[in-house]
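Asker: Before anything else, here's the structure in question.
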Amino acid sequence: MEDKKNNNSSMSFPLPENGVSDEEKQTSGSDSPAKTRRRKPGGWRAMPYVLGNETFERLASIGLLANFMQFLLQVFHLDQVSASNVLNIWSGVTNFIPLIGAFISDAYIGRFWTIASASIFEMMGMLTLTMIPWLPKLHPPPCKLGQQCKKPNKSQMGFLVMGLGFLSIGSAGIRPCSIPFGVDQFDSTTDEGRKGIASFFNWYYTSFTLVLIIAVTLVVYIQDSVSWVLGFGIPTILIFLSIVLFFIGTKVYVHVKPQGSIFSSFIQVFVASYKKRNLKLPDKHQSSGLVFYDPLLPQGSIVNKLPLTHKYRWLNKAAIVMKDEVNRDGDCTNKWRLCSIQQIEEVKCVLKIIPIWSAGVICFTAMAQQGTFTISQALKMDRHLGPNFQIPPGSLSVISMITVGIWLPVYDRLIVPSLTKVTRIEGGITLLHRIGIGIAFSILSMVVAGITEKMRRNSAITHNSPDGIAPVTVMWLAPQLVLMGFAEAFNILGQIEFYNKEFPENMSSVANSLFSCTVAGASYISSLLVNVLHNTTGGNGHLDWLTNDINKGRVDYYYYLIAGLGVLNLFYFLYVASRYEYKTRVVVDDRIKGYGDDHELHDMKY
């Protein structure tokens, strides 16, 4: 765009030329003020504390909840649908509430204190849930032979909800801030910093996944075969260790100050564009006398300058300078009538990500089955390894974790460098390619799960044993879990990195909480599907698909339904991904790093 003067204003403001603002020109050299004014990041020196804290926190939460479905079925005596609803609803709340934690972190107290305070609530939740199996009054009495099991009373359910509530509050602060806090330790303006961030995403997921393998096997075995009290107490000790480790690294961390409420800025953009809705914007290449408000970023800002683009052009009206809207110092006189180009482009970043985000929900609906109906399948299969040992149903998720733990280092160290040489794209393939591959693996996993369940059910009906257990080894569930591991490795990491790179830098906590919202949406869709199928299928002498006796239900149909939804979702994802334009691009051979106009960004489409 060309510089223009506003005939209606006593002041004029320069427009970005070729997508580069004055501030970017000032800071584009090797002696950039933006670089020199930043303190040296903690880098990998801070990683033992950051990754250690996150690993122990995940060890605690997953170690506690990996077997929670069985706890609700066997200790709380809930039926299969009710237990699934408790897990799905709680998971939905836990994964939506990080948006609030992200807002508090980015606007007020910063990531360090958000994580610190949230960890206290996490430990309170752990203590509460540990007390439930410890104190007899907090759970129903054991079932007696020949009698119907007693359901939990209101006070017992209330205590359970309180414990889960504390865990949700803890997750609200830890989940949206842990990854951005780790990214803060690297300097994204240097090649070394960018490489560190890319490796951090992979090693972040690999490190706690490998340790979780130990937790899901050892802790779940203790819960299943030794004691629920000890099995819940160990995760409580682990969360205490994570808090101690986090505070030990205080002096090593880079502490990024909160940048203010981004949500207020978003609302201002919509209000200002609405108030100026009657103004006419020129065509993309047409000259005009309009001046757009584009002030320099504040000193010390962590945000990169964004150029004005033509996507969602109606929002650009909010930046048109009218009479008396800017004072002689260049400051806006009314933020609800005039917004900067930076504010508008930050809103656009979020708007264009929403279609990609929505495509991840169905993929996670497939992943959510590992903690519900996969457990129900395992309980009706032969879980023996040798004459005296049975695999705990909750430990089966270790198969997908092993898959992730083995695959990610191979992918990061061997496959990515080779792909990068061929594609000239940093990371080997685009992030949207990674997300799409993960969606495809989730579909395959559900198809294989349906086939395996049909085989298991037929075997159980044919042999008709008193306990309903099919003489089929539980390891037949391994193929679907391996495929789901690949889905997690591609989709989860792809989404995390995609949101953190495509969101504005001052919204990294919100970006990470958006990933949690994907999981929350999947939990609610899963709960909706379960309840709809439970109430609508069956009839004419047949039980519903998800009846409490899995041998009389048709869980295989449920898996096929999720796979079918996944296929539709994959087509939708391919459509929206093919039209997405990346905020940044890095072409390795050409060493092009930074922002470009619409034409330049076209090369980085899906």
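Cβ coordinates are placed from backbone N, Cα and C, and glycine is handled just like the others.
What TrEMBL says about a protein is an automatic prediction, not a curated fact.
Note that the structure is a prediction, hence the values are computed from the model and not measured.
Residues or ranges marked as region 'Disordered' by TrEMBL: 1-41. What TrEMBL lists as transmembrane segment is 59-77, 89-109, 115-136, 157-183, 203-222, 229-250, 350-369, 389-410, 431-452, 472-493, 514-537, 557-575.
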Asker: When each of 59-77, 157-183, 431-452, 472-493 is checked against the transmembrane segment (203-222) for Cβ pairs under 8 Å, which one has the most?
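Answerer: Answer, by Cβ pair count: 59-77.
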Asker: Counting only pairs at least 6 apart in sequence, do the transmembrane segment (157-183) and the transmembrane segment (89-109) share 3+ Cβ pairs under 8 Å?
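Answerer: Counting Cβ pairs under 8 Å (6 or more apart in sequence), the transmembrane segment (157-183) reaches the transmembrane segment (89-109), since there are 3 or more.
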Asker: So what's near the transmembrane segment (115-136) in sequence-distant terms, Cβ-Cβ under 8 Å and 6+ beyond its ends?
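Answerer: Same-chain residues near the transmembrane segment (115-136) but 6 or more away: 53, 57, 60-61, 64, 71, 75, 101, 109, 156, 159-160, 162-174, 177-178, 181, 227-229, 232-233, 235-236, 239-240, 242-243, 246-247.
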Asker: Hey, does the transmembrane segment (59-77) touch the transmembrane segment (350-369), meaning at least 3 C-beta pairs closer than 8 angstroms, sequence gap 6 or more?
Answerer: no
Asker: I need to check the long-range neighbours of the transmembrane segment (557-575): which residues 6 or more away from its ends have a CB within less than 8 Å of a CB in the stretch?
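Answerer: Residues packing against the transmembrane segment (557-575) from afar: 356, 359, 361-363, 365-366, 369, 373, 435-436, 439-440, 442-443, 446-447, 449-450, 453, 529, 533, 537, 545-546, 606.
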Asker: Which stretch from 59-77, 389-410, 472-493, 514-537 shares the most C-beta pairs under 8 Å with the transmembrane segment (229-250)?
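Answerer: When the Cβ pairs under 8 Å are tallied, 59-77 comes out ahead.
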Asker: Do any residues, 6 or more residues outside the transmembrane segment (59-77), come within under 8 Å Cβ-to-Cβ of it, and if so which ones?
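Answerer: Beyond its ends, the transmembrane segment (59-77) has Cβ neighbours at 83-84, 86-87, 122, 126, 129, 133, 139-140, 143, 149-152, 156, 160, 167, 171, 208, 211-212, 215-216, 219-220, 223-224, 228, 231-232, 234-236, 238-239, 242, 371-372, 375-376, 379, 392-395, 397.
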